[in-house]
Amino acid sequence: MSQLSYARYGKDNIRLFKVEKDEKAGTQTVVESTVCILLEGDIETSYTEADNSVIVATDTQKQTCYILAKQNPITPPELFASVVGDHFIKTYPHIHAAHVKVIQHKWTRMTIDGKPHPHSFLRDGEDIRVVESVTRENVGISIRSKIEKLLVLKSTGSAFYGFHRDEYTQLKETWDRILSTEVEAGWAWKTFSGLEEVKSVASKFDLAFNAVKEITLKTFALDNSASVQATMYKMCDQILAAVPLVEAVDYALPNKHYFEIDLSWHKGLKNTGKDATVFAPQSNPNGLIQCTVTRKGPKSKL
């Protein structure tokens, strides 16, 4: 009457912190991550027959993550995710796919008296670096890198006009507005044949992350934005040009609205249009604009 159609399990929210010590230079470097591991394979009987013999315990997965972190670099996170995924595929013959997600939290070295401090750090933002990888037996390793929670704002240089209007439209056109969003940007790498190929390009992951962040911020700041859609497409186009190993770029940009406050009721006080200087930040509802841009090839349907 029924059959198991989907099965995946693992350990989520593995908190990981690693200190690299350079005794010669007298400096230390820290990396903090949160890891999720989910496994697929010949595990149906654990669901349908209460057969626990096919389960690699989630605590085993957690301990394995700690051991691999001791034995390997955990940055760039694309490499560490590949190391973890490769381990489970090669160690357990009945496990055929490993999904590994790594969230890297910010710790930025402090500058004290104009000099980088050797072992003190601060969290100078809530934006995070995210990697989602899938290591699949006889297929390879697919990796999607991301920036999330990058909050940006510019107080001018954005417009929105010429949009479709009908009997349901109340929104007024504007040629000057505050533009703010919480950036979620992702970029999908070409499929790698295995861990060794990932290792061979490991240096490119940090370069790509830095390039994506720089392109995002520079385009956001300098583009005289006709719409969020137009600006985000420019970002995607530049990233594909800058990182040849990336096959697709995607953005999700929610509007963070700041509305003018009409204060004319108080002694004719002007605070709209060009006179607007005091605004009311809004929470929701909000616009949400998304896109994925790929390299040119056979045309795919949206």
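Using the three backbone atoms N, Cα and C, a Cβ is placed for every residue, glycine included.
Predicted, not measured: the structure shown is a model, and the values here were computed from it.
Straight from TrEMBL, the features:
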- LYS11: active site, charge relay system (ACT_SITE)
- THR58: active site, charge relay system (ACT_SITE)
- THR58, ASP59, PHE160, ARG177, VAL228, GLN229, ASN255: urate binding site (BINDING)
- HIS257: active site, charge relay system (ACT_SITE)
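Of all Cβ atoms in the protein chains displayed, 22 besides its own lie within 10 Å of the Cβ of VAL228 (urate binding site). Restricting the recorded positions ARG177, GLN229, HIS257 to those with a CA within 10 Å of the CA of THR58 (active site, charge relay system) leaves an empty set. Within 10 Å of the C-beta of ASP59 (urate binding site) there are 9 other C-beta atoms, taking all protein chains into account.
The number of other CB atoms found within 10 A of the CB of ASN255 (urate binding site), across every protein chain shown, is 18. Cα to Cα, ARG177 (urate binding site) and HIS257 (active site, charge relay system) are separated by 10 Å. In this entry, urate is bound by THR58, ASP59, PHE160, ARG177, VAL228, GLN229, ASN255, whose most widely separated C-alpha atoms sit 52 angstrom apart. Within 10 Å of LYS11 (active site, charge relay system), counting CA to CA, the recorded positions PHE160, VAL228, ASN255, HIS257 contribute nothing. It is 13 Å from the Cα atom of PHE160 (urate binding site) to that of HIS257 (active site, charge relay system). The two recorded residues, VAL228 (urate binding site) and HIS257 (active site, charge relay system), show a Cα separation of 13 Å.
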